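Positions annotated as heme b b562 binding site by Swiss-Prot, on the basis of similarity to another entry: 83, 182. Per Swiss-Prot, heme b b566 binding site is recorded for 97, 196, and the stated evidence type is similarity to another entry. What Swiss-Prot records for 201 is ubiquinone binding site, and it gives similarity to another entry as the kind of evidence. What Swiss-Prot records for 33-53, 77-98, 113-133, 178-198, 226-246, 288-308, 320-340, 347-367 is transmembrane segment, and it gives similarity to another entry as the kind of evidence.
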């Protein structure tokens, strides 16, 4: 008799995705981040649901309701900090997942990669509107600064900003709609993640060598499920250590001051995971130019498959490309550091150089290096 998991219409879908899925035998721990992102998403939706039960999206009570969650709700403090630090873990996994895709040429799966880029934009939007909800100083001024960037759009900019605000400044209407967006977006992310998986399972996973591995596949369960569980345990361990020992390590102290439109914080900056893009935005002394650079810094990922010039898919056997990849990682870390610094000498010039290098690496240096490596392989 055939097992029910192979015949039942619903269980068959789950079985084909998580049990009998043919998987390359040589995929490393860098392939764990996809499942970790799924875990992060589920944790964020659950903690967010419980927070939404006690939160009030109103300018007069939002800050107090967050305080109430932390002080009066049973285990409210841990739910709140799991949600805040869970976002940081989400982005750590997200950037590792993207880095893996870049290094091993996973972007050759065009549909999967493009859905991934859309997912990145959606997650960034969710994190941004979520950061506004506690209605602290950084929430308010962050929302004001970032939404104001849209006013750089010629002709319709100002109208567009006021339309998003629901008034002439960031106020009650803005907070209410941002809460609505923050509630709905994770479910859109969930739907997109399923589409991401559907496209991935059309082709099967890539592997470190970048060579097709159809002749050497193993079932996903138990070999990779046990490996994913180990990764999940490590993720939960790190998240709990962060939440219980240093819950405010990655936050901004300014956000413990209620929002005040009459007092601007000394340094307005986003959460750490947006600092690299913020540094690129600030490095161009022109509003429209900065906004375009900010948009392109993320959108450039969609063009990566077209910029692939190598005869080999993975960077595993391409030392020069490997070197440039790690230069790119170092450059992004530099931009992240610069994004958190004030706009003054020498930070400005370092930020500008790092921004130029970022685009230069992706658009010129890496494709040209790949062509040189192709030539070397023929010698």
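Just so you know, glycine gets a Cβ as well, placed from its N, Cα and C.
Put simply, of the binding-site residues 83, 97, 182, the one whose Cα is nearest the Cα of residue 201 (ubiquinone binding site) is 97. A distance of 21 Å separates the Cα atom of residue 83 (heme b b562 binding site) from that of residue 97 (heme b b566 binding site). The DSSP secondary structure for residue 196 (heme b b566 binding site) is helix.
Across 77-98, 113-133, 178-198, 320-340, the stretch most heavily in contact with the transmembrane segment (226-246), judged by Cβ pairs under 8 Å, is 77-98. Neighbour count (other Cβ atoms within 10 Å of the Cβ, all protein chains): 21 for residue 83 (heme b b562 binding site). Around the Cβ of residue 196 (heme b b566 binding site), 21 further Cβ atoms fall within 10 Å across all displayed protein chains.
With pairs at least 6 apart in sequence, the transmembrane segment (288-308) and the transmembrane segment (347-367) have 3 or more Cβ pairs within the 8 Å limit; the two touch. When each of the listed stretches 33-53, 113-133, 288-308, 320-340 is scored by C-beta pairs under 8 angstroms to the transmembrane segment (178-198), 113-133 comes out highest. Cα-Cα distance from residue 196 (heme b b566 binding site) to residue 182 (heme b b562 binding site): 21 Å (rounded to the nearest whole number).
Cβ neighbours within 10 Å of residue 97 (heme b b566 binding site), excluding its own Cβ and spanning all shown chains: 20.
Cα separation, residue 97 (heme b b566 binding site) to residue 182 (heme b b562 binding site), rounded: 23 Å. Following the DSSP three-state reduction, the secondary structure of residue 182 (heme b b562 binding site) is helix. The binding-site residues considered are 182, 201; of these, 201 has the fewest other C-beta atoms within 10 angstroms of its C-beta.
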